[in-house]
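Enquirer: Here it is, the structure, as structure tokens.
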Amino acid sequence: MGSSQSVEIPGGGTEGYHVLRVQENSPGHRAGLEPFFDFIVSISGSRLNKDNDTLKDLLKANVEKPVKMLIYSSKTLELREASVTPSNLWGGQGLLGVSIRFCSFDGANENVWHVLEVESNSPAALAGLRPHSDYIIGADTVMNESEDLFSLIETHEAKPLKLYVYNTDTDNCREVIITPNSAWGGEGSLGCGIGYGYLHRIPTRPFEEGKKISLPGQMTGTPITPLKDGFTQVQLSSVSPPSLSPPGTAGVEQSLSGLSISSAPPAVSNVLSTGVPTVPLLPPQVNQSLASVPPMNPAATLPSLMPLSAGLPNLPNLPSLSNFNLPAPHIMPGVGLPELGKPGLPPLPSLPPRNVPGIAPLPMPSDFLPSFPLVPEGSSAASAGEPLSSLPAMGPPSDPVMTTAKADTSSLTVDVMSPASKVPTTVEDRVSDCTPAMEKPVSAVTDANASGAS
């Protein structure tokens, strides 16, 4: 792969000591050596390009003393410098606590064999090979081609074979002793699938400047992050799926996106929830006249729905008024008679019975809705010469007509009262004070009543 051309090694060459295994809490572990990817190429300024005892002698000469090492990483294709202190007191084997072998780091990441499926009870299963996470990186002999491993297996039929295996889950290398056996009862001599080539290389993590190397001892009890290769560069979790909706629905989606689900309901729903009727109400002028009307009796009904007896006021002090008959010719069509007594006035005392020929009994109006015609009750309607219910629909009253009706009633009271009674005079004075401008209609009605009485 030409890794030696990517970085210039002091002293030249592409050889070094390949780090296969790093023991936890060892001097090599504390120095940050990474298994499989690191190659020790120099120590204390001495280039290690030959397989001899130079490394051992340098380590023994610097026991319990820090020395500098130059390390080449096949992962990052860079050189780095590390300080290590050889020691016999750290509690493990060796001065550094690492397993190494002398080899070339040129193409170290390419000459690997990926362990695929492992058959049960096969030589590979008995040796402890793990499917898909194990990579055979070498043996005691040099292997630079894909056929080198298979040739080595054939020459070790029924004989123990030592292999160096790197595991991506543990991020460490180990020695595996396997005995090839073509008669194990399955296919092949190992009973496992072997992959070689670009698609079966060890996945590497991108190098980050200043990144601290994590070792197996530091990964205890923590989940292992999957490594990435050339086919896992895309992070599927961060990719937004493309829109699958037809192009024609884009405008509809944009218009619907502006709708607010939490918007306030229309004002109509608020009106309906409060119980306000939605039918047309009375004209504004009628509403103004009704603003001062006292509260309605709950038993009363609308004027168009008969009867209204439940809403009529109780006037027990006027029993004799039913004997009076108003002259029919003087009732004005289309005009309703308002009430005689307003709220706050004292009740009228009882008047002596008097029968005036040609005058119908005076009906009693209601205390509310003075703009609608009133309907007489049972016996009063039977005795009346001309029932008011047969009259045409009446419009809203005007003040002059209401004053005329009140003046007519007061004048009639004056004609029939006895000279000794003074209470009706009080009623006449109150009515006349309220309507001083209507003197002429009052006198006309009084003359007509006097002529009729005579």
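Each residue, glycine too, has its Cβ placed from N, Cα and C.
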Enquirer: According to Swiss-Prot, which residue among Arg30, Arg354 is annotated as dimethylated arginine?
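Expert: Matching Arg30, Arg354 against Swiss-Prot annotations yields Arg30.
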Enquirer: Of Arg47, Arg430, which one does Swiss-Prot label dimethylated arginine?
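Expert: Record lookup, Swiss-Prot, feature dimethylated arginine, residue Arg47.
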Enquirer: Give the nonlocal contacts of the region 'Important for membrane binding' (194-199) in its own chain as ranges (CB under 8 Å, at least six residues past its ends).
Expert: 112-116, 136, 146, 149-150, 230-231
Enquirer: Near Arg30 (dimethylated arginine), which residues of its own chain have a C-beta under 8 A away, given they sit six or more steps off in sequence?
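Expert: The answer is Val84.
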Enquirer: Name the residues of the same chain, 6+ apart in sequence, whose Cβ is under 8 Å from the Cβ of Arg47 (dimethylated arginine)?
Expert: Ile9, Pro10, Gly11, Gly13, Val41
Enquirer: Tell me, roughly as an integer, the mean pLDDT over the domain 'PDZ GRASP-type 2' (111-199).
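Expert: It averages 92.
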Enquirer: Over the span of the region 'Important for membrane binding' (194-199), count residues by DSSP class, listing helix, strand and coil in order.
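Expert: Grouping H, G, I as helix and E, B as strand yields 2 helix, 2 strand, 2 coil.
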Enquirer: Where does Arg30 (dimethylated arginine) sit in DSSP terms: helix, strand, or coil?
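Expert: The residue in question, Arg30 (dimethylated arginine), is helix (DSSP, three-state).
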